[in-house]
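Written below as structure tokens is the structure these notes are about.
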């Protein structure tokens, strides 16, 4: 019975940590209080040893110094690290730990073997160092041994080089602030220079209040974002009202995080839950053990390593049985990429809710390397997850009613509104349901009012395709590959007060037949990003599925470099809505809770979405096909109303009518140069029609030896000028010009 209680006490990880720390502290005391005159294996004396641990400490210190020298301090250091790992329940094989420590002792003592010290019997590396050093001088390079020692020490301490760099950065910040505070005390009129936690150097005047540590957004409408270019390239870019200047919305419009953080389960409760989970798995004949536990804001992930020979499909198929046995709402089981474990996700007893403001204030959102930040939420470890729409480059979202899909889309839109002004990012919002996106109607970021008719949605997508082609021609003229390179060249030209010119063909020389070129000055304005948001894809596919599918495919394949991106959502992820063509062109997808495993496989390619908890619980698959579980933030309607009203007050929307209007003429972009047709070619076509009394497109095509599109444009121009009549029911045209 006594042995049972002793074993139970020693199995506690906290007790193990204290024992290791006490052993490490005792060894440090033994080594520090070492005296060469104390009794040892090599000397005998009648005096009482001066070692603080007594006779045992004297013999132990003599043994360690003789064999390992100064590297004996690695042993207590290892005890401290192991104790920390036991305290935080980071388990690793004992044999691996002992093996690593022995390697560190041998390699370190070898490096110090050539150093002689008076208070140590042998060298600084001990007897082991001398023996191994003699061997290494013959067979192993000393430089390689130094590298090996460094690697072993890093593995032993289980630290990361990033952690070391963070410590050095914080230390340098502290010393810098200390020195600057000293000079500021002596010279109070100097500017206050403070290094903030977001690794940016903010310089503020002495008479100004320092900025907040987290928020970098403007708090007043009078503050104007620094943007040297305020004009747009036609037809996308339009002038904004001069009496109202667009500004980023203040962070104060969002609700503050509530101090109602749910206290997570204790370590003992998690271990008890893990034991219950192992018992349930054993009941179903699945053997294995749990190697790690990750507690998140909504669910807790148990990393289960099955026994050899256990099929993954067998464990995944037990998700419903595990949920029933543990009285849980649902259980999701999936393979963790890069590990030989299965992640078993169980919901927490109490769910933690968080708002959008908490994530927008994080350094991850303020990272300027993320071009189009989308706030998705927190991962299983509670860390913010900010995705970059520019790298996706398009996003497909699916989820049933009440799963949090609309709130997630609102969070994405708001995260873009807090980053870019209307000069930098524009939206085309398509909402056939006339409910979700109507709140954003009237904001200056829109290219057109929120589109609610499916027929106009097709026209808007066609306009996006034309705008994409126009941008590609503009980028090709100045020799860049994407919108970032184009804007960079434009900014450089504006700073240098020069214009960018390009040659265009205006016709042919009637005598030589060679093309005639003229130099045209390009519009020196930046190209804004364009984000097309489709809230319900199913309604559009019912009305005009083929046209929508073709346009979406064209944009998804080519619009990335032009700065045009798509966020497409649907609450019915069936194969007739998310077709194979659409699915192949949207590598980045988000699945909220769905009704069946079939819908989950349709959107993600695997099951698991049907096991989600709803209310913002989602599965995110990036363009690397790695699926991660994310918990979305909450955005209420009051916050959206405040943001949209603020944007409407600071700037008036300037719409582009061509986005939703069917063009009267459909000239090919190849045949049109600055809105005109080759007059010489047009006169030849009119002369042929007058003389031959034939006005068919094919006849003009053969006579002038031109393409079909160019011939069709010439005939349509004749119809507009009154030379030929519109085609009748048989397609024939009447020639209105008299005969020569």
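Glycine residues also receive a Cβ, built from the backbone N, Cα and C atoms like all the rest.
The following features are taken from Swiss-Prot:
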| type | residues | note |
| --- | --- | --- |
| TRANSMEM | 16-36 | transmembrane segment |
| TRANSMEM | 63-83 | transmembrane segment |
| TRANSMEM | 93-113 | transmembrane segment |
| TRANSMEM | 115-135 | transmembrane segment |
| TRANSMEM | 144-164 | transmembrane segment |
| TRANSMEM | 167-187 | transmembrane segment |
| TOPO_DOM | 188-740 | topological domain 'Cytoplasmic' |
| DOMAIN | 382-601 | domain 'FtsK' |
| BINDING | 402, 403, 404, 405, 406, 407 | ATP binding site |
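Each of 399, 401, 408, 592, 614, 615, 616 belongs to the same chain as 402, 403, 404, 405, 406, 407, is absent from that list, and has a C-beta within 8 angstroms of the C-beta centroid marking the ATP site.
Long-range Cβ contacts of the transmembrane segment (16-36) within its own chain (Cβ-Cβ under 8 Å, at least 6 residues beyond either end) map to 10, 49-53, 57-58, 60-62, 64-65, 72-73, 75-80, 82-84, 86-87, 119-121. Its own atom aside, the Cβ of residue 405 (ATP binding site) has 25 Cβ atoms within 10 angstroms in the protein chains shown. According to DSSP, residue 404 (ATP binding site) sits in a coil region rather than a helix or strand.
For residue 406 (ATP binding site), the same-chain residues that are 6 or more apart in sequence and have a Cβ closer than 8 Å to its Cβ are 436, 535. Over the topological domain 'Cytoplasmic' (188-740), the average per-residue pLDDT in this prediction is 81. A C-beta separation below 8 Å, combined with a sequence spacing of at least six in one chain, links residue 407 (ATP binding site) to 616, 632, 634, 635.
In sequence order, 592, 593, 614, 615, 616, 617, 618, 632 are the residues near residue 404 (ATP binding site), counting only same-chain partners six or more apart with C-beta under 8 A.
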